[in-house]
Amino acid sequence: MSERIFIEGESCKSAWHNATAGYDDTDTHLEILGKPVMERWETPYMHSLASVAASKGGRVLEIGFGMAIAATKLEEYNIEEHWIIECNDGVFKRLQEWATKQPHKIVPLKGLWEDVVPTLPDGHFDGILYDTYPLSEETWHTHQFNFIKGHAYRLLKPGGVLTYCNLTSWGELLKAKYNDIEKMFQETQIPQLVDAGFKSENISTTVMDLIPPEDCRYYSFKKMITPTIIKV
């Protein structure tokens, strides 16, 4: 039942930070400004992303906290520090509460990633997991590249790893244009990653079977793809 999430010219950016974080009673859905930000069925996929981001140990940067699915999994791995950027007030409050119960050092950073990330030092992270929600129709399919091209390469240590997703975009691409998830990634993501400084031979993907519920508004494809992008 995936539907078009943004109408032409729509932007939520100015209202996003203080909009209500709509966690439902069963804690299986998060909506903000009527947008379906995250759902619990994504858990196996979020765990896959977390395993990649934590694979080098050390200091991990996570951009977007959401329902803490990836964040909680990351805390199970042998990492040293876990830096998390989140801009929504309600989600950030949940992050602060969650942080007090975790085994590793948590560094919560409040704000839009566009404002926070430029303040972070070069070569600081062993792993990065980027999973934020698009805040406008204009950046629906491209916001991850704004981060990756502007900052991901410089933030990683040599040998560090980046993983990311944009399910709101990929769900639309797999509905409207592609029926092969690996071809979608190859054609729409790889060229942008190479432009950002990563080498194609250091980019790999794994695909998992995962069936979204019928009522999911943003993703209906029955496979998910996890990228592993190494800085050398």
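Any Cβ shown, glycine's included, is placed from N, Cα and C.
What Swiss-Prot lists as domain 'RMT2' is 1-232.
In the three-state DSSP assignment, the secondary structure recorded for Glu86 (S-adenosyl-L-methionine binding site) is strand. What Swiss-Prot lists as S-adenosyl-L-methionine binding site is Trp16, Met46, Phe65, Gly66, Met67, Ala68, Ile69, Ala70, Glu86, Cys87, Asn88, Trp113, Glu114, Asp131.
Per Swiss-Prot, the feature guanidinoacetate binding site maps to Met38, Glu42, Asp131, Leu167, Thr168. Mapped onto three states, the DSSP output places Leu167 (guanidinoacetate binding site) in helix. In sequence order, Glu42, Tyr218, Tyr219, Met224 are the residues near Leu167 (guanidinoacetate binding site), counting only same-chain partners six or more apart with C-beta under 8 A.
Counting other CB atoms no more than 10 Å from each candidate's CB, the binding-site residues Glu42, Glu86, Glu114, Asp131 peak at Glu86. Other Cβ atoms within 10 Å of the Cβ of Thr168 (guanidinoacetate binding site) number 21 in total over all chains. Of all the binding-site residues listed here (Met38, Met67), the one with the fewest other CB atoms within 10 A of its own CB is Met67. In the three-state DSSP assignment, the secondary structure recorded for Ile69 (S-adenosyl-L-methionine binding site) is helix. Burial estimate for the binding-site residues (Trp16, Phe65): highest at Phe65, by number of other CB atoms within 10 Å.
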